[in-house]
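The structure under discussion appears below in the form of structure tokens.
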Amino acid sequence: MYRQWLWWESKLRLHPDRVPINIGDMMNNAEISGVKIPDSRIAREITQHIRDTETDMLFQHSKRVYFWGALLGQRKGLKFDPELLYAAAMFHDIGITPHYHGSQLRFEVDGANAARECLQSYGIAQSDIEKVWLAIALHTTPGIPEHMHPEIFLVQAGAGMDMAGRYQADFSDEERGAVIAACPRDHDFGHQVIETFYQGLKHRPGSTFGTFNDDFLAFNDPEFQRANLCSIILANWPG
């Protein structure tokens, strides 16, 4: 318990000037087609931490990722732990925030490590922590998460839905409207998120190699040079 308190106390100092609000208000208690944000101490405290760490744009995006993922999992009949899915969804973009602008790791790894540290402080089983870690670390890696634990797939699917409209056909108009009403998506979300990712990645361009994250750099910086694996192979081996 003492270790857990120290973890939250240190992390919540990221934005000490942020005005506290009621955690219940942040969680909405909205129920959409049977899906709700888990009503647990861990979920409430994670919600508070992410709200105090991220911009409102990323905070609402993370909640939508949970709803999209949980709704899709329910529709596909997948067995998943809502609390683990929520933890992964809420932490999945924390690595792009200014707190990690000194890091040279992939932002996904920074987020996965932060979630692991948090869940360890609660004594969560290592196997469950591993699911959350992988869900965050692989959420920008297509073609792999769908072959792993449901929580891992559903975070990537939820992020893909909210960022690029993937899996649109799996949601009714009513569900889409309800999620946006519960977790507002600004009309300028696209430009905001592109700028946020550019700011979070421009100091570590090498971390984007082999991912589509280099698109954020190329879109904003006309002088950015993408690494090319074929050129790297030919430059480093004779013949």
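Heads up, the Cβ atoms here are built off N, Cα and C, so glycines get one too.
Summarising the annotation, TrEMBL assigns domain 'HD' to 58-164.
The residues of the domain 'HD' (58-164), classed with DSSP into helix (H, G, I), strand (E, B) and coil, number 79 helix, 0 strand, 28 coil. Per-residue confidence over the domain 'HD' (58-164) averages out at a pLDDT of 98.
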